[in-house]
Amino acid sequence: MSTESQPQSTTSGATTTAGVQIQQTRRLPDFLQSVNLKYVKLGYHYLMTHLLTLCLVPVMAVTVIEASKMNYDDIHQLYLHLQYNLVSILVFSTVLVFGSTAYILTRPRSVYLVDYACYRPPPHLQVRFHQFMEHSRLTGDFDESSLEFQRKILERSGLGEETYVPEAMHRIPPTPSMAAAREEAEQVMFGALDNLFKTTSLKPKDIGILVVNCSLFNPTPSLSSMIVNRYKLRGNIRSFNLGGMGCSAGVIAIDLAKDMLQVHRNTCAVVVSTENITQNWYFGNKKSMLIPNCLFRVGGSAVLLSNKSTDKWRAKYKLVHVVRTHRGADDTAFRCVYQDQDDNRKTGVSLSKDLMAIAGGALKSNITTLGPLVLPISEQLLFFASLVARKVFDAKAKPYIPDFKLAFDHFCIHAGGRAVIDELENNLQLLPVHVEASRMTLHRFGNTSSSSIWYELAYTEAKGRMRKGNRVWQIAFGSGFKCNSAVWQALRHVKPSPNSPWEDCIHRYPVQIAA
């Protein structure tokens with residue numbers, strides 16, 4: 001029986017299989033597989049973005065058609081109607097004039113980025129990995145464990161072999177004196193400013209506002225006073241010196257200059273961003289304090305802002321938004337980047353192992369504020385619907401991450417380190433081209449602190465990618481803990497400025513960085 005039943009089972013199985021195949025061929029196609037959802041989303045985005053226009057076009061068309069049907073008698077009747085309501089017309093006209101005047105006088109003044117310059121140190125300040133390790137060994141301050149730790153950090157950091165360290169760190173033994181620190185500050189700030197003045201034909205006496213930020217070096221007189229003295233700026237200049245605010249201080253300085261430009265008419269503001277390495281090199285063996293030695297390098301920038309309407313024609317960008325987030329109320333966030341002394345009373349900046357988690361939380365708070373200002377209405381509705389669905393149906397459901405690629409064309413993520421760039425690329429669902437400027441800046445110049453976002457913008461320009469109307473998102477993180485964003489809009493097809501930091505090497509980038 002088993003022998004006879006076996007063919008029957010086979011036949012039945014074959015029939016069943018054939019039946020399934022017939023049913024499968026009769027089924028409708030799987031639209032989720034056949035339709036590219038990317039184009040559905042783009043169509044939805046276009047519909048929601050232009051919804052007001054699509055609604056107004058029919059109304060305007062009907063109005064034009066009805067107006068074209070009016071004859072001489074209709075126009076005469078309308079004139080008589082307005083003539084008998086002269087008082088109402090006068091009141092309406094008066095309100096309109098006063099309202100327009102009040103709006104013009106109280107509206108925020110546009111702030112234009114005329115141009116900027118990044119400092120490129122001389123070639124003899126470049127440091128290669130083997131040089132770095134050899135000098136570290138010869139100082140005699142580091143044990144074998146610390147030397148090996150620094151070697152591993154360098155190999156995994158994303159830095160290249162052409163970054164720069166100050167003159168004092170090239171000497172054996174190093175000479176981190178106050179005089180050497182002042183010399184570094186002068187070379188960087190004056191180098192960037194000389195380039196800016198030459199590019200823009202700006203006269204130092206025309207500067208009305210000066211903002212300088214440097215986190216770890218704050219001598220007396222201040223860095224801003226050093227600039228006033230060097231260029232003989234005018235006596236009524238509004239000068240500011242920001243210290244201790246970390247790598248995000250560049251955006252803070254831009255925000256301060258923007259606020260000052262709202263108060264003072266027809267004024268130019270210069271923002272200088274830098275960091276000082278000479279007196280802040282760590283010569284101890286605490287691992288968390290050795291990381292800045294491996295990442296931070298010499299660099300600086302000078303930015304010219306203006307609220308003059310006559311400067312719009314030559315300006316590169318217009319400032320659209322600045323959003324600042326401060327997590328300093330949380331003790332863990334406050335101490336995650338902390339200047340301190342180790343057990344041997346050697347001063348350094350300690351980086352907490354919780355740094356990436358804290359940076360992620362700060363970024364989340366920042367984009368929660370920034371999102372409604374820049375995202376198209378389609379993305380905002382999708383995000384709101386996702387939020388409601390999680391609250392009502394499933395709290396464990398994955399939240400919808402807005403597509404910031406619909407709001408920005410270019411991203412300048414602070415080149416704080418490879419992990420920072422990787423984390424933002426993943427969390428914001430960016431493509432490799434969106435983080436290319438950040439990775440290449442880290443590779444070529446290292447972490448130049450608050451000025452890194454300007455080296456990244458210069459990279460984008462040098463690649464010829466900046467088009468009129470493009471939006472740029474500069475994101476910076478800093479001690480405290482802070483996450484700050486600046487949004488710019490290109491006013492024209494932007495070409496790289498003369499003496500760009502990339503002009504002699506852009507043809508070699510992007511380079512492949514080993515995993």
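Quick reminder: no glycine exception, Cβ is built from N, Cα and C everywhere.
According to TrEMBL, the protein carries these features:
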type	residues	note
REGION	1-20	region 'Disordered'
COMPBIAS	9-19	compositional bias 'Low complexity'
TRANSMEM	44-65	transmembrane segment
TRANSMEM	86-105	transmembrane segment
DOMAIN	104-392	domain 'FAE'
ACT_SITE	Cys247	active site
ACT_SITE	His326	active site
ACT_SITE	His410	active site
ACT_SITE	His414	active site
ACT_SITE	His443	active site
ACT_SITE	Asn447	active site
Practice item. Provide, as an integer number of angstrom, the distance between the C-alpha atoms of Cys247 (active site) and His414 (active site). Key: 8
Revision key, fill the gap. Ranked by how many other Cβ atoms lie within 10 Å of their Cβ, the active-site residues His326, His410, His414, His443 are led by His414
Practice item. By Cβ count within 10 Å, point out the most packed of the active-site residues listed: Cys247, Asn447. Key: Cys247
Revision key, fill the gap. Of the active-site residues His410, His443, Asn447, the one whose Cα sits nearest to the Cα of His326 (active site) is Asn447
Review point. Do you know offhand how many angstrom separate His443 (active site) and His414 (active site) by C-alpha?
Key: 13
Study note, to complete from the structure: The average per-residue pLDDT within the domain 'FAE' (104-392) comes out at 93
**Study point:** Pairwise CA distance, His410 (active site) versus Asn447 (active site), rounded so that it is a whole Å
**Key:** 20
Check your understanding: At the level of the C-alpha atoms, what whole-angstrom distance separates Asn447 (active site) and His414 (active site)?
Key -> 8
